Amino acid sequence: MSHEYSIAIHGGAGAMSKGKLSPEQEEDIKNVLKGIIEESLKHLSEGQSALDVVQTAVNKLEDCPWFNAGKGAVFNHEGKHELDAAIMCGKTLEAGAVSGIRYSPNPINVARAVMENSPHVYLGGEGAEKFAQDCGLPEVDNQYFSTDMRYQQLQSALSEKGVVLEPTTNDYKYGTVGAVAKDKHGNLAAATSTGGITNKQYGRIGDTPVIGSGTYANNLTCAVSATGHGEHFLRHVVGYNVSARMQFAHLDLISAAEHVVFQDLPSTGGSGGLIAIDKEGNITLPFNTEGMYRGWGSSIQPAQSKIYK
Ligand code: ASP
């Protein structure tokens with residue numbers, strides 16, 4: 001059955017062993033995710049564009065300290081925060097991406113501004129910050145992103161490895177956020193925002209802001225937002241990989257996404273997951289880790305959220 005509109009969000013995938021979070025914390029996270037889905041469904045039912053809805057959903061996730069994006073982003077090896085984000089419109093294939101953001105509280109808004117107010121797709125580092133300033137977007141001190149939980153995670157990563165950088169299956173590595181949607185007008189959009197990986201090297205960029213890797217949308221096929229060990233997601237060109245399997249190999253959404261998550265990524269040791277929606281509004285949320293913070297809903301499916309399998 002076709003869904004007039006649909007939305008899915010994630011707050012990262014990883015080895016989230018049951019018992020690490022208290023039942024209250026789990027409930028809190030699930031409620032945040034479900035609340036964002038309910039609000040997004042309302043906006044979609046009122047006719048808002050998929051692009052606006054994914055941006056608003058990601059803003060909420062960026063502002064929530066539980067997730068590794070915006071407030072609550074992980075620390076890099078220097079004890080600082082460098083954030084990446086991307087957004088893409090499936091109707092026009094317009095896209096905006098930023099990396100190495102240190103002072104913009106909502107990097108996805110900078111990515112959207114790049115898409116709309118610049119002739120470019122991707123701005124990095126100081127240029128991206130300067131652009132955000134020129135657009136009049138808000139600025140914060142880099143410490144705004146810091147939380148105790150992420151600081152402790154950096155300390156354990158440092159004591160475990162000394163220096164960077166091979167992410168293990170430890171749960172403190174991940175937590176990126178993302179959203180995909182199909183709107184009433186039949187358009188798809190995707191958005192992803194992240195602090196990257198705990199203890200990452202200065203200047204490291206993962207898959208999140210790379211169009212076709214961590215973020216991709218095309219009305220012909222699907223919208224995808226990924227989360228996991230970015231180096232592998234880059235090498236498997238995850239977002240476009242799902243889309244290409246649908247477009248050229250004529251796989252359906254679920255088969256295409258599952259092929260990438262359960263065959264391609266594990267073939268090089270890549271862990272994580274993705275959320276994707278096709279042009280009929282079907283939703284899939286596969287992951288090859290113990291858990292993925294996720295929520296979803298549509299015109300015919302009430303809002304739901306889950307952490308584990
Ligand atoms: N994919 C992100 C990165 O490698 C991390 C994550 O999804 O948690 O930067």
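Backbone N, Cα and C atoms are what each Cβ position is placed from, and that goes for glycine too.
Keep in mind that this is a model prediction, so the values were computed, not measured.
Taken from TrEMBL, the feature active site, nucleophile applies to T176. Residues or ranges marked as substrate binding site by TrEMBL: R204, I205, G206, D207, T227, G228, H229, G230.
Cα to Cα, R204 (substrate binding site) and the residue listed as 'active site, nucleophile' are separated by 15 Å. Cα separation, T176 (active site, nucleophile) to T227 (substrate binding site), rounded: 6 Å.
The highest number of surrounding Cβ atoms within 10 Å, among the binding-site residues R204, H229, is found at H229.
Take the CB of G206 (substrate binding site) and look out to 10 A: across all protein chains shown you find 27 other CB atoms. Ligand 1 lies within reach of T176, G228 from the recorded positions T176, R204, I205, G228, judged by a C-beta closer than 6 angstroms to any of its atoms.
Taken residue by residue with DSSP, I205 (substrate binding site) is part of neither helix nor strand, so it is coil. Every protein chain shown contributes to the tally, and the Cβ of T176 (active site, nucleophile) ends up with 34 other Cβ atoms within 10 Å. A simple way to gauge crowding: the CB of D207 (substrate binding site) has 31 other CB atoms within 10 angstroms, across all the protein chains here. Annotation note: G230 (substrate binding site) sits in a helical segment as assigned by DSSP. Its Cβ taken as reference, T227 (substrate binding site) is surrounded by 34 other Cβ atoms within 10 Å in the chains shown.
When the binding-site residues I205, G228, G230 are compared by the number of other CB atoms within 10 angstroms of each CB, I205 has the fewest. Here the binding residues for substrate are R204, I205, G206, D207, T227, G228, H229, G230. Their largest Cα to Cα distance works out to 16 Å.
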